[in-house]
C-alpha cells in the first residue's frame, strides 16, 4: 500500500487504472446528496419562480461545485487519508487516481460550475458557489483542519452555503430566511462530525490531525451537548417565516428533542466512547437535517 501511495502521489499511476466509479468516489457523493438537497430546499422556499431548466442547471452546478470541493479535499489530504483506516480506501491512497488527476478534476469542476452558474442563473449564486468551494477547499482543508481543534466549527461555514445558493438562484438576493437555514447547518455540523470523530480519535492522533476529541474526550462530549441545545433554538427560527408556524414548531421541537436525547447519551458516557452512542447520534443527525428541511418545505407552502 505504501509503495502504491508513493507512486500515485507522484502522479505516475496510469490513467487507465481510473474508472468512472473512482472519480465518483473522489467527489464524495454522500456529502453531495446532502448539499444538493439543502440547495433545493433554498430554491423551493424562495419567493418568486424559476424556470425548471434553470433550476436544474443550478442544482447540477451546486452538485459539481460540491464535487470539486471534495476532489480538492482528497487531493490535499491524500497523505493523511493513507494513514487512517477510515479513509485509506479512497481513490488516491488506494492507487486508483493520482493526485494530479484529482487536482485537475477539481479545477475543471470548480471552473465549470461557477462559470455556468454565472451565465445561466445569476452572478450572486455564482459568487456564493465560488465562496463555498473556496471555504471548504482552502479555508477548512488547507488552513484549519491540521492547525486547530476548532477546525470543524469554522469549517462548517462551507457546508452551510447551499440553501443560500439555492435561494439566490431564484431571487438573486440574500435574505434572513436563507440565512436561517445557513445557521441551522452551521450549528449542526460540529456535533455531527464530533460524534464520528470520537470513534476514530486514535486514527486522527496517528495522522496528527487536531480534532477536538484528540485533545479532550470530555470536552468534546460537553460541546456536543451544547451545540445540540443551540441547534434546537436555531432550528426553531424558520417558524418565523413559514406559512404554518405552529405545525412547524411542533415537528421541529420533536426532531430537536430527539437530537438532544442522543447527545445526552453521548455526554453521559464515561471513559472511552461507545459505538452505540456515537453512531446513534451520527446517524440520527443525518436524518434530522433531511427531515427538518423537509418540514420547512412542507410548512412554507
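A Cβ is built for glycine as well, from the same backbone N, Cα and C atoms used for every other residue.
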The annotated transmembrane segment range in Swiss-Prot, which must be one of 82-101, 102-121:
102-121
Can you tell me which recorded stretch out of 55-75, 181-201, 222-242, 280-300 has the most Cβ pairs within less than 8 Å of the transmembrane segment (125-144)?
55-75
With a cut-off of 8 Å between Cβ atoms, can you find at least three pairs linking the transmembrane segment (181-201) to the transmembrane segment (102-121)? Only pairs 6 or more residues apart in sequence count.
no
Looking at 34-54, 55-75, 102-121, 280-300, which one has the highest count of Cβ pairs under 8 angstroms to the transmembrane segment (152-172)?
34-54
Which residues of the chain, 6 or more past the ends of the transmembrane segment (280-300), have a CB below 8 A from one of its CBs?
34, 37-38, 41, 44-45, 163, 181, 184-185, 188, 191-192, 195-196, 224, 235, 238, 241-245, 247-248, 251-252, 255-256, 258-259, 262-263, 265-266
Under an 8 Å Cβ to Cβ limit, what residues of the same chain, 6 or more beyond the ends of the transmembrane segment (102-121), are close to it?
23, 26-27, 54, 57-58, 60-62, 64-65, 67-69, 71-72, 74-75, 78, 91-92, 129-130, 133, 137, 169
